[in-house]
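J.: Quick one: structure below, then a few questions.
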Amino acid sequence: MNMIEALLSMRVLFLTQVFGIFLCFPGLTKAGHLHYHSSIEVVIPMKVTEKTRGMNLPNWISYSLKLGGQRYIIHMKIKNLFLTRHLPVFTYSDQDSLLEDYPFVQDDCYYQGYVEGDSESLVSLSSCFGGFHGLLEINNIVYEIMPKKFSRKFEHLVYKVDINKTESRGSSLMQDNITCQVELQKSGNPILKQSSFEDWWTHTKIVELVVVVDKTLYDHYGNYTVMLSDLYSVINIVDTIYEVIGIKILLVGVEVWNKKNLIVIDDVSKSLRLYCRWKASNFLHRLKHDVSHLFIYRHLRGLSGIGSTGGICDPKRSCAVVTFIDRTLNLRAIGVAHHLGHNLGMKHDEDICKCSYSKCIMHMDSPPIPKFSNCSYNYFWSYTVKNTRCLMENMYTKDIFDRTRCGNGVVEDKEQCDCGSLRNCTNDLCCMSNCTLSTGSSCAFGLCCKNCQFLPSGTLCRKRDNICDLPEWCNGTSHECPDDAYVEDGIPCGVSAYCYEKQCNDRNEHCRQIFGQNAKTASVHCYREINTKGDRFGHCGLQGPTYIKCKSNDALCGRIQCDNVVQIPNMKDHSTIHFALVKNVSCWGTDYHTGTSLTDIGDVKDGTECEQNHICINRHCVHISTLDSNCTPAFCNYRGICNNKHHCHCNFHWDPPNCMIRGHGGSVDSGLPPKTNKKKHFFYLLLLQLIILACLLSCLLWLLFNIKGSKRKPQVQPTPVKTKKVSKKVPSQKPSPVPSPSLPQLRMPSRSASPTSSIKSTN
């Protein structure tokens, strides 16, 4: 066997906006061991007892403290809307049994507020351990405050964050910057200012967050109570940061890996992939949530973490991994907020992105800045507001807060709706300020609610995304669209492709995505030769730092191998293209650097066919029967297709649940499509017949008119024309035979005949 290998390395600058929001690449940021604190002051917060201007509201407290020679008045109120009622905490026993507990959570020691005289200020503090700990932003200066240990005078240490140590580098491409600014301003979703951001929608969006603490972070704390308190403080700061853009962060559960890590945590991308997979198969069914973050205490090659971009409403991608090592409480919170921004569809800031600082929270350097840039607002508007249906649904989850209150923007017990503040309620035609529907209104929100009324039954509320997806329709009696349903795993979607997790994975299409439209999957010899080597170009996964060799039966489930590559693609972020010649067959593939932020495009996707009636799952070629299901084509009477909930989605003309009775299609999960109006169809059919009949009558009348007209015309006899006889002497000769005009002249084959002559004359 001849083998020729060529490594083609292409190094390019990683651009976070190459592929767009809907490709959902993970986002990474640099963490480093940066010392942001430039100065320390000792302050004593003094409680203000007199009611200052505008502070006559109940449940508000005020403190005065002196920073940098200037005294500031801080107004705060207790925050009680970021922890669920009866917060569950999961741990493990010595026998690896799952334990569920509901520890006491002190919920009256978390505050949010502002600094008097600074409308852009931000205050997020906690006082659960006898002093204030948290974040202050005053006049575009960020501080971290914490109690001074063993102080009897209520002294606190205030650290001023040195932002200059993270100054962004200037760009010489001024024209490109101007062009990009113009493009952003011309976009359909213009960049909006923070001051008017709250007016974009009526209701607040809620992100239900689950936090998992790995073994290293648990061991670092040692004290279980202090660890949970710090977690709550971090989420408190994150919630305060996101409240500016109309998002509430709700912590709905915590899991602590107190015995051992349940996944392998070595490189960044692999850890994220494994954690997302673990979360989807374990935690998702245990506790409903929108996004889950894994907090660890170890270095990630200079990164603060990694999060799946735009995965907020995808249960298999709504996750992130964040490191807490060598980071203060504020930096931990800002790191969580950064990667949550990726989950919400925000990309890394570029040089054109601006806020009140030189770098903003979504910058790749992960600066200690709690402000979003104009670009982040634009991404949030163009993606999150318009594409995150799950957040709209979670807004109205019942019984999730410690205290119910009309006016908090969340529909709770005994509330028909909640339009939030009085200002918002004046602009809401469906909901009144007392959390009841306005007169004549049937609903106030939801995908099946329009103009305060339920959409009619059969109205499409969620269209079909691809061949492996299924549509959903409103039922006419609810404001909610049915849960997203899709084609059952294992159902064929092509010649050699199967639906799996809502995607139709085909090898040829996979190669075209990497190497262009002419590419196709390579010979099986390429897979068996390369993927059984166990190197970075061919393997079946990683076990620590070692590549796993694919077994011969699993070779087609390792890394993708392609043929018929016409042009080498422009790979990103130091990716390498691999070429080999196996049995005179070209084999093209890629490697993957685990420290990059790009998705590994070279892995064979789960659900890809590897043999007849076999598919790849977790890099193993398994029989399709392993996808156990009670739903079969026979169960649906061969008149429908099974969905992911193992119910029949019937074809048109047949009704669920088993597609036996005549109807209009759909399923018990997705609702029923609109019914066909037989009277309307009959009318259209009758109209078509009348049009055809009218055309025939018109043609008949035209023929009759022409026939009568020809009979009425008089017969005119032609006048004979006198002609002179012309005599000409012609030498006598035998006349040539003239062919009959009624017979066709055939060209007869003749060996001596001229090519241009078909009849021969004789004298």
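Quick reminder: no glycine exception, Cβ is built from N, Cα and C everywhere.
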J.: Report which of Asn177, Asn630 appears in Swiss-Prot with the annotation N-linked glycosylation site.
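T.: Out of Asn177, Asn630, Swiss-Prot attaches the N-linked glycosylation site annotation to Asn177.
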J.: Regarding the disulphide bond with Cys642, report which of Cys631, Cys650, Cys659 Swiss-Prot records as its partner.
T.: Cys631
J.: Which candidate, Cys319, Cys375, does Swiss-Prot give as the disulfide partner of Cys353?
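T.: Here Swiss-Prot pairs Cys353 in a disulfide with Cys375.
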J.: Looking at the disulfide bonds in Swiss-Prot, identify which of Cys443, Cys449, Cys481 pairs up with Cys461.
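T.: Candidates were Cys443, Cys449, Cys481; Swiss-Prot matches Cys461 with Cys481.
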J.: Could you tell me which three-state DSSP class Cys313 (disulfide bond) falls into?
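T.: Where Cys313 (disulfide bond) sits, the three-state DSSP reduction gives coil.
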J.: Using a 10 Å cut-off, grab the number of neighbouring Cβ atoms around the Cβ of Cys360 (disulfide bond), all chains included.
T.: 22
J.: Determine, from DSSP, whether Cys631 (disulfide bond) sits in helix, strand or coil.
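T.: DSSP call for Cys631 (disulfide bond): coil, neither helix nor strand.
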J.: Would you count the other CB atoms within 10 A of the CB of Cys355 (disulfide bond), including those on all shown protein chains?
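T.: So the number of other Cβ atoms within 10 Å of Cys355 (disulfide bond) is 22.
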J.: Please report the Cα separation of Cys375 (disulfide bond) and Cys355 (disulfide bond) in Å, rounded to an integer.
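T.: One finds 9 Å between the Cα atoms of these residues.
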J.: Out of the disulfide-bonded residues listed (Cys313, Cys353, Cys481, Cys648), which are within 10 Å of Cys360 (disulfide bond), Cα to Cα?
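T.: Within 10 Å of Cys360 (disulfide bond): Cys353.
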J.: Within 10 Å of the Cβ of Cys375 (disulfide bond), how many other Cβ atoms are there?
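T.: The Cβ of Cys375 (disulfide bond) has 23 Cβ neighbours within 10 Å.
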